[in-house]
Amino acid sequence: MRASLLLSVLRPAGPVAVGISLGFTLSLLSVTWVEEPCGPGPPQPGDSELPPRGNTNAARRPNSVQPGAEREKPGAGEGAGENWEPRVLPYHPAQPGQAAKKAVRTRYISTELGIRQRLLVAVLTSQTTLPTLGVAVNRTLGHRLERVVFLTGARGRRAPPGMAVVTLGEERPIGHLHLALRHLLEQHGDDFDWFFLVPDTTYTEAHGLARLTGHLSLASAAHLYLGRPQDFIGGEPTPGRYCHGGFGVLLSRMLLQQLRPHLEGCRNDIVSARPDEWLGRCILDATGVGCTGDHEGVHYSHLELSPGEPVQEGDPHFRSALTAHPVRDPVHMYQLHKAFARAELERTYQEIQELQWEIQNTSHLAVDGDQAAAWPVGIPAPSRPASRFEVLRWDYFTEQHAFSCADGSPRCPLRGADRADVADVLGTALEELNRRYHPALRLQKQQLVNGYRRFDPARGMEYTLDLQLEALTPQGGRRPLTRRVQLLRPLSRVEILPVPYVTEASRLTVLLPLAAAERDLAPGFLEAFATAALEPGDAAAALTLLLLYEPRQAQRVAHADVFAPVKAHVAELERRFPGARVPWLSVQTAAPSPLRLMDLLSKKHPLDTLFLLAGPDTVLTPDFLNRCRMHAISGWQAFFPMHFQAFHPAVAPPQGPGPPELGRDTGRFDRQAASEACFYNSDYVAARGRLAAASEQEEELLESLDVYELFLHFSSLHVLRAVEPALLQRYRAQTCSARLSEDLYHRCLQSVLEGLGSRTQLAMLLFEQEQGNST
């Protein structure tokens, strides 16, 4: 009874006891006993820094540290058995007035990382052939490779422009080559991976040379001497060969660096009649490397020209040649360049066709099947609009007219580049159709029925043409046809345009012509100028007022000056900011002409002055002032921003005081107005000079043109016209003066009408009025 009661009590604890026992057993089996003293004790004189040999087979207990490892810790001494403690390095601040030591860094990150350019071409020339063959080499080779240097012996009177010419001071061939190698090592030895030496009597195919050096690897070709191999002349047989200098020599940087200490010895010890043989013997004696024409599947191809025989462009040796030698004269050089360029162009077209075939053959493996390949093959697919506002618009055109004009008119004649573009597209379409249907049919264009084009930023300019054609058969039959064709003018490689350096620190002069009817707007303009320039302490901004008096107002200026409040506000502004000076000019005119007023202001300022022509409604901000400084470039560009004009308060949603809110329902960017402009005085003077020299009707044009049209028609500068979100103007009822020219009056009237409201808002307003009248 007692035994059964005891078993019933111990039965639940049985699995726990078995588990604990099994755990202890497994732990003892997995870890052997470690013979470790209680403490390290003092080291004996004969002890080594390694652990005792008797413990080599002993396993380290978990979370334990071997005594040998503790002794290996730097700075461990008598307390090596204790826990490790971090060593704190004290910070000693620099003494007051003592300049902190700056770290010396390289000028360019490529120098610090050891990044080098790929290829340098050194053209060995002379002062006699530099103006002829040297110029021809530069025109055919200079703009296609990274760096081309012309090495000549004697100094001439004047080097040809656009060429990097180095005078070595040695005319003898071997001495010239010796100094050329020294110059390359000293000036460019650490900047390039490959060096190509070639005389000016050799034509070099730039694309093939670039492909050759791009295929070679410095890891496997560290000591490479590549060219046309040739046996040494006379003497005992030599195991190596040298490279013929007439067909060019390619040297690796490592080989040149290894040759550096032996150049002087080679110059004194090696006797040779040819400079290329002298170089081959020097390289062979110093490095043991001989000339080779093949390296890891790369073959150095060359073409030896025969005098009086034309180049056979169909010859396989011609198509694969990297150099051609000898060249007789510059005309021969240009003829070779034309032939090689034609072969390179055909090779490029062939590669494009092969890539297109490969894309077509592999497109069916994609998830979408053949739909994955866009047309044309290899060009990005058309952009898919995310909303209806991003749909690209097709513009309709015919052979004579375009139905989408820059000035907003429904139809305008095709002129200039647009007309040439349409003619080129029609010619290309007809040529491609004849190529496809030849010789069964010969097609002739009758007329363009419909034409559509649009610009896709992802692809280029797309065209859809409906052509009325006449098909001619070889038997003399005729038949009218109408076909629709699609063409694409793809975008080429995107390039960064070089632009002169500009800075936000340029001094800016704001010009404000102010009529008597606009004098109430002057205080707001002056306060905006003070907020944008005077309060921040912008010393590079100035303001000049041009006060326009009518004849009657000018007669009463002594008794009742209409601009007296404006002058008082200017005086108060100068008292508030002691360093500020706001000059004004008074002009009496009945019909102010923009160009005549600008002529007067231009004469009062230096030629290097940067002008900001503003209107009384312009609200200046620091961002806009800096943008004006950055976008106006002397001798390069003039900036005409488009301000944001608020709609009529009765049409647009109501807004509070201050600048209007930038939105589609509150206003629009005024494309018709050009009241703000940023340009340099020198550019304006140059444009005015062209106007005076090119037109016999200067007086009439001075009355009919404004500054924007002056730069557009009589200046070679790039006119930048862009929206400016920092220029926000509230609505103001404007009246267009009847004294303006027809074009200026039309632009003013169009600006006033478009500034009332959007088409939707005006339509809703008319609808509400009609509903009110009907009831």
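Even glycines carry a Cβ here, placed using N, Cα and C.
For Asp617, the entry in Swiss-Prot reads divalent metal cation binding site, with the evidence type sequence analysis. Secondary structure from DSSP puts Asp617 (divalent metal cation binding site) in coil.
Here Swiss-Prot flags 54-66 as compositional bias 'Polar residues'.
Sequence annotations record features per position, and here Swiss-Prot assigns N-linked glycosylation site to Asn138 (among others). Around the Cβ of Asn138 (N-linked glycosylation site), 22 further Cβ atoms fall within 10 Å across all displayed protein chains.
Counting every protein chain shown, the number of other Cβ atoms lying within 10 Å of the Cβ of Asn361 (N-linked glycosylation site) is 10. The N-linked glycosylation site annotation in Swiss-Prot covers Asn361 (among others) and is backed by sequence analysis.
What Swiss-Prot records for 37-100 is region 'Disordered'.
Annotation comment: Swiss-Prot describes 1-15 as topological domain 'Cytoplasmic', evidence class sequence analysis.
Annotation source Swiss-Prot lists topological domain 'Lumenal' at 35-775, citing sequence analysis.
According to Swiss-Prot, the transmembrane segment annotation covers 16-34.
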Note to self: Between Asp617 (divalent metal cation binding site) and Asn138 (N-linked glycosylation site), how many Å separate their Cα atoms?
What the structure shows: 56
Notebook entry, point to check: Can you tell me the mean pLDDT for the topological domain 'Lumenal' (35-775)?
Noted result: 85
Note to self: Quick check for the class: what is the C-alpha distance, in angstrom and rounded, between Asn138 (N-linked glycosylation site) and Asn361 (N-linked glycosylation site)?
What the structure shows: 43
